[in-house]
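Asks: Positions annotated as active site, proton donor by Swiss-Prot: 116. What Swiss-Prot lists as phosphoenolpyruvate binding site is 22, 23. Feature annotation from Swiss-Prot assigns UDP-N-acetyl-alpha-D-glucosamine binding site to 92, 121, 122, 123, 124, 125, 304, 326; the stated evidence is sequence analysis. Residues or ranges marked as 2-(S-cysteinyl)pyruvic acid O-phosphothioketal by Swiss-Prot: 116.
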């Protein structure tokens, strides 16, 4: 099994190109199921999760052609309504086919999802929303079974602004009869990107980026060409790395509007963050100031940056508190950071970090996607050589991460 080895103590400098956003690409690729004809998607990252959803779409009857960062999909032959456990268990975002299948084929049978081991992450709001659109929903033998002879618009309030729930209901509502109003929806840039795609296809989605979406159903959607937005979490990871190593890094194609919460916290920590025409430049310096963080739905501080920012705080001056309000059980990486010498204690949904002078290299184990990124960051400042095991997690969400860090001057390599 692969492992990543990081030699600590190097300052990062130079430019790094941000890949397309996985969390935007997955629902956008799933949305191709709504359309007959060839859709062409550009700037698609080459990641394990992208490969997985490609296999799932092919299983459902779509044709999928891949050429580097371009993927073409034709769902004219869509015929299968079941997303089997063998595929869905690899990635919880597979549940995104639920809405499109219900809208196109009037039924869907999707295995309950897998992916990162971060708490329960239930899909009850997806299902309740589909019921309000007129579908019948049953849970049987580990599968969600949905049937809907005709979807009709409804006024739906989400108890929490679930991202995948918002996306599933947006896609289903586009082909429903009448007007659907979705309230308390997710406001992430990936939601805005999906709305842009659906509107390009001929859908009528209004309000993306606000708490309320209004979707007027149409008879059919049309195939399009579409470019995936840059990955704000990958960008944020490199921004933290620059601040952490006293580096000077231009993160190319990072979108400042997508990263305002992180930019604010990095500046409070003492980094210089400059918004440039082609990206975001971060210059780090020490001592790092301690900063408190509370994860919140967008535009708040993203939960997917919590683990990386925690590493920055491990050698900050003073005490900082990170409160996790989105997912339970998202401090699994803490025990690995403690093995490297970090002083972190957990109390309910908060981590209290007391800054130490330095971290020490140790063999560590990645437990989920963002935790594995945080361990690479910790290795960048640790004394000695850090070995990170179970790095298949990182391949689900970061494209060529060791090459990108290496081109910035880090000593990061993969050993098979």
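Here the Cβ of each residue, glycine as well, is placed from N, Cα and C on the backbone.
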Asks: Taking the Cα atoms as reference points, how far is residue 304 (UDP-N-acetyl-alpha-D-glucosamine binding site) from residue 22 (phosphoenolpyruvate binding site) in Å?
Replies: 12
Asks: By the count of other Cβ atoms within 10 Å, pick out the sparsest of the binding-site residues 22, 92.
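Replies: Relative to the other binding-site residues in 22, 92, 92 has the fewest Cβ atoms within 10 Å.
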Asks: Measuring Cα to Cα, how many Å separate residue 124 (UDP-N-acetyl-alpha-D-glucosamine binding site) from residue 22 (phosphoenolpyruvate binding site)?
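Replies: Given the Cα positions, residue 124 (UDP-N-acetyl-alpha-D-glucosamine binding site) is 23 Å from residue 22 (phosphoenolpyruvate binding site).
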Asks: Which of the three DSSP-derived classes (helix, strand, coil) applies to residue 304 (UDP-N-acetyl-alpha-D-glucosamine binding site)?
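Replies: In three-state terms, residue 304 (UDP-N-acetyl-alpha-D-glucosamine binding site) counts as helix.
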Asks: Between residue 22 (phosphoenolpyruvate binding site) and residue 92 (UDP-N-acetyl-alpha-D-glucosamine binding site), find the distance joining the two CA atoms and give it rounded to the nearest Å.
Replies: 13
